[in-house]
Structure formats: C-alpha cells, structure tokens
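J.: Pasting a structure below so you can have a look.
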Amino acid sequence: MSGFNKNQIYWGDYVGVIAAFVGVYTELVARIFIYMIPERVREWFRVRIIVLYHYYISSKTTDGMTDAVQKCRNIYEICEAFGYRVEEHLVRTQDNFILCLHRITHPKQSQHKREVVYCHHGLMTNSELWVAVNESERSLPFVLIESGYDVWLGNNRGNKYSRKHITYKPKDEEFWNFSLDDMAMFDIPDTVDYILRETGREKLNYIGFSQGTAQAMAALSINPDLNDKVNIFIGLAPAYAPKGFSNYFVDYIVKVNPKIMYHLFGRRCLLPSVTFWQNICYPPIFVKIVDVSLKILFNWDLSNISLNQKLCGYAHLYSFSSVKSVVHWLQIIKNCTFQLYDDDMALLAGYGSRHYQVPLFPTNNIKCPMLILWGGKDTLINMEVMRTALPPHAKEVSIAHYEHLDFLWGQDVKEEVFPVVIDALKHHSLGKAKHFVKQNGFH
C-alpha cells in the first residue's frame, strides 16, 4: 500500500473527468468572450434575440407583479412590493460565521405574543426563495404572517446574505471549507437559540425545504437539547439520500468519484458564474435554460409551475455555496445513506468498507414531533430509505403529482400544502397533536 495516493483519480474515471473538464472550460471561454464584447454590441444582439424569441417561440406577456418581483434586487424589495417589511438580524455561530436572519413583519400587525415559525431554504439558495412569487397568497411566509405567526427566514453560511466570517474572507479557501455537518452542528442550533432569545419564547416551529429539511434533521439528531426547543418539525420536499441523477452520464461521473468536483471547481464557491449568465440572458430564455437543466438532471417536468412564477422564482433561485457541501451530497447519493461528510473518502477504494465506516446522522434519535410532506414525482427523495431512518412518531403526507419545487411554487400549493402546514402548526402549538394526527389520518 506504500504507493497508494489518497488524491488519486483511477483510470476508470478519466473519460468522465475529461468530458466534465471540457464542459467547464467551454463555459469559461464563452463567458470571457462575451465579457470582452463591447456593451453596445451586446445590447444590439440582446434586442434582436428578444424580438426573435417573441416571434418564433412565445408571444406571452407577463403581469405587473411578475415583472416587479423579477427585477427586485433583494428580499427587502420583494417584501416591500407585497406590503411587508424585513428586519435584519445577525447571528454569530460558534465557529465564527456571521449569518443573516430575516424577520418578515406586517406594518399594521404587532409581533407580540405570536407563535414563532423559522423557515429555512435549500441547497445553493437563500431566503428569497420563500417570497419570490407573483401572488402573495402563494408565499408560505406571507400566509403564515396573515395567520398570526411571527416568521423568520434563515440563511446558510456562504450565501448572498451570509458571506461573512470573523477571520476569513470569501476569497480565502478556508472560508468555503464547510459541509452539511457544519450547518447541522452550528448554523441551525445557533439560529434557533438567537430567535428564542430575541422573541422571549421557549420553543419555535421549524419548516425546512429540501436541504433545509435535511440539515435540521441532522441538527436535531446530534443536538438532543435542540429537540426541546422545537414544537414541531415540518419538512417540505426533503432531500434525503436521493437515488441519483436522471442523466446517466452525470450520475456515473459523480457516483464513481465525488471528489471529481474538487478537480473541476476547486475548494471554493461553486458556480459563481451563474450570476453572470443570469444577468445577460433575457429572463424567458434563462427560464428555458433552467427548465432544460432540471429536466436533464432530475427529470422534472415543472408543468405545475406557471411561466410567470418561473420568471419570478428562477430570478432568485441561485445563491452561493461551497463545493464541499455539494461533494457531501454526492457522497450521500453514492452510498444511499444520510451520513456525515467523509473526509477520507478515497480510503473506501483503498481499504474497503469492512475496515472503514462513515458515521450516519442518528435521525432515529429525533424526539420532537415531525411531519414530512413529499411528492410522488420528486426524484430527490428516497422514501424507502428515509422511512427506515425516521423515529416511530414521524408522520408523512404524500402528494402524488408533486415534484420538488412544487412545494414552494406549485399552482395549487394553496390547496395542497398550506392547509396541512397551518393545521399542523396550530394543533401542535395548542397541544392537540394526537387529535391532529387522528383527524388527518396520516400514514
């Protein structure tokens, strides 16, 4: 074993690596080329592309609110467009990241003595995800506020609103040395403690979307005291041990060797160039690009989300995260287990799993009430695996025709999701959990 190289890429990976490198560097060359074109020439092409798009592809027009939300630069402008205000709060984690919390308020309503709801977004997104809608009635935070709740939106380390550390700067590699482990050990518990101190409450209600579900489950599983601070945990479209990608080529590359991502993108921020393409692309064309990408990767049809909603939502969908956090998810996908980050993943190939075992998040240890809402067409959840890892008291509701993003932006989200969420919050905060479960027949 003296010649074993921990950072080695095996010969079977080379074809995939070369193809991936070609794709990455082709994008880089295209970006540099477009950037070098004079602004006046770029604008000339942009105008003609818009004309051709509306002539040959679509002549549909958008409504005023869609245009307004799409053009908003941040969550403050989005909420203002709907008549709400945003309080900004900063949380210093135990490992010295500065996280930004957004508390959504209504100017005509008091926050005093309201039940607290803490909502957390998914991977490579931010708090805007919850409010980037063209109708206020289809934003869960807005609906919760009107239902009498004190709503807080969290942000992961490294994203648009949380790019601050006491020691490191975003240009430093050390800044991006974080994975799901760090969010579970620090971000979620420290954010919960801050909200409870600020509001004077003993408990809050937690709602997570996608990775926001996974990282809170991880946090609850390794922080026993955290369970005593949560009335109910509600997971929307949980990302939990996904089976993989729908595209065979992509699935093969990431499953053969997740560390390929480090060779492609380094150990820093992942895909910051998305913001460049988003800025130069005509929004309906950007929507088409995102739709095609999600179809290729996850086989989502996205037919339950309107074009106007996509124009609003996709404009605020992407935010920064670390390459390491994505590598962590690729490890989870490869092993089909909800595990901690594997720092020595190459050892599995060198020594075999008989002598090396990555710790799993002990999610069976979660004590607080749990409700999982998942979609029958969501390829990012493996319910067979998830059920074996949930505690016996966890309840689930399935929506057969739902894909991943439908839980945020689906056209029928007001009828399919919001009533279940609000009923769960109401009954658990009133201590009527048993009646709630029996009445709704959860399975």
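Glycine too: its Cβ is placed from the backbone N, Cα and C atoms.
Pulled these from Swiss-Prot:
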type: ACT_SITE; residues: Ser210; note: active site, nucleophile
type: ACT_SITE; residues: Asp378; note: active site, charge relay system
type: ACT_SITE; residues: His404; note: active site, charge relay system
type: DOMAIN; residues: 116-410; note: domain 'AB hydrolase-1'
type: CARBOHYD; residues: Asn134; note: N-linked glycosylation site
type: CARBOHYD; residues: Asn177; note: N-linked glycosylation site
type: CARBOHYD; residues: Asn304; note: N-linked glycosylation site
type: CARBOHYD; residues: Asn335; note: N-linked glycosylation site
type: TOPO_DOM; residues: 1-16; note: topological domain 'Cytoplasmic'
type: TOPO_DOM; residues: 38-443; note: topological domain 'Lumenal'
type: TRANSMEM; residues: 17-37; note: transmembrane segment
J.: Could you list the residues of the same chain, at least six apart in sequence, whose Cβ is under 8 A from the Cβ of His404 (active site, charge relay system)?
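T.: Residues satisfying the criterion: Ser210, Ala237, Phe298, Trp300, Gly375, Asp378, Thr379, Leu380.
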J.: Using the alpha carbons only, what distance in Å do you get between Asn134 (N-linked glycosylation site) and Asn335 (N-linked glycosylation site) once rounded?
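T.: So the Cα of Asn335 (N-linked glycosylation site) lies 39 Å away from that of Asn134 (N-linked glycosylation site).
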J.: Could you find out if DSSP has Asn335 (N-linked glycosylation site) as helix, strand or coil?
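T.: Assignment for Asn335 (N-linked glycosylation site) reads helix.
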J.: Mind checking which of Asn134, Asn177, Ser210, Asn304, Asn335 has the fewest other CB atoms within 10 A of its CB? They're the recorded positions.
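T.: Among the recorded positions Asn134, Asn177, Ser210, Asn304, Asn335, the sparsest Cβ neighbourhood within 10 Å belongs to Asn177.
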J.: If one measures from the C-alpha of Asn177 (N-linked glycosylation site) to the C-alpha of Asn304 (N-linked glycosylation site), what distance in angstrom results, rounded to a whole number?
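T.: Just about 37 Å between their Cα atoms.
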J.: Taking 10 A as the limit, how many CB atoms besides its own sit near the CB of Asp378 (active site, charge relay system)?
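T.: If we count other Cβ atoms within 10 Å of Asp378 (active site, charge relay system), we arrive at 24.
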J.: Report, in whole Å, the straight Cα-to-Cα distance of Asn304 (N-linked glycosylation site) from Asn335 (N-linked glycosylation site).
T.: 31
